[in-house]
């Protein structure tokens, strides 16, 4: 009976180790496909932008995500070869892969903190929210490392019975408190999403009361909520894989890394697109920084006539800061100034 139990455990471990081998290649293919699908937009909207933090962050997320997937593919398929893995190698590479993925996630969360700051229009309230989110961000990083150290110290004993088995790679065993590895990041992502959701509900309520048309600002809020929500769902799904009590197998970090990189780069490209469409034929968008805002919140007190689209200072809508101030740009006003619109009138 014990031999049958051991054979069943070995079969389960072997199948679990095969899943990442089949999943990580499509993950790399997915992110490379998205890269070439959006390369034209990147050249048009990102390369034309002047040097600024947002441009650096975009290229960092874009190409670090691709490099991370290449690392995942190399590591998983190299370790599947006989004689490569050992107790020391498996214990050492477990935290390396987690930290490499965490760097990508933390970079995205920094961008999302700045997006929340942007959604609250850089007001004094936005500054207080930014300090609060920054504190929670550091707290989530500290919790991540505490759980990581705790798991690394027990990893050798956890895989001791399986490391000698002829498995394709390191044993995919998740036990102890490994389920808690991504819980701090998931909670923090939920908090960021709640801030964006609250702002969206307030904006929708205001527009319903005033019977105004949907503004560029509202579109940006809804767009951000979509990305925030999907990333939060990815973190929850990742936690369910690690728990081991569900029927969801361990897919490796490949799909998670690919999805995070694709979502974030598309969000930043869309922000530039909104800018381009808003001031088409007007201001040069290469001077606008998507990540930082100028100090001050003059636009929050600016009155908007009812017959105009409710927009705010352009740099406060589409970005999180620039070293220059830009006057408010009205979407409808610029649309009316186009040749085609003049002929219609």
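Cβ coordinates come from backbone N, Cα and C, glycine included.
Predicted, not measured: the structure shown is a model, and the values here were computed from it.
Residues annotated as transmembrane segment in TrEMBL: 20-39 (among others).
For 22-66, the entry in TrEMBL reads domain 'DUF6533'.
Feature annotation from TrEMBL assigns transmembrane segment to 60-79 (among others).
Annotation source TrEMBL lists transmembrane segment at 99-118 (among others).
The transmembrane segment annotation in TrEMBL covers 130-149 (among others). Outside the transmembrane segment (130-149), and at least 6 residues removed from its termini, the chain residues within Cβ reach (under 8 Å) are 95, 98-99, 102, 106, 109-110, 113, 116-117, 177-178, 180-185, 187-188, 191-192, 195.
The transmembrane segment feature in TrEMBL is assigned to 179-198 (among others).
Annotation comment: TrEMBL describes 219-242 (among others) as transmembrane segment.
Per TrEMBL, transmembrane segment is recorded for 248-269 (among others).
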>> Return the average pLDDT for the domain 'DUF6533' (22-66) as a whole number.
In response: 91
>> Is it possible to list how many residues within the domain 'DUF6533' (22-66) are helical, extended or coil according to DSSP?
In response: 39 helix, 0 strand, 6 coil
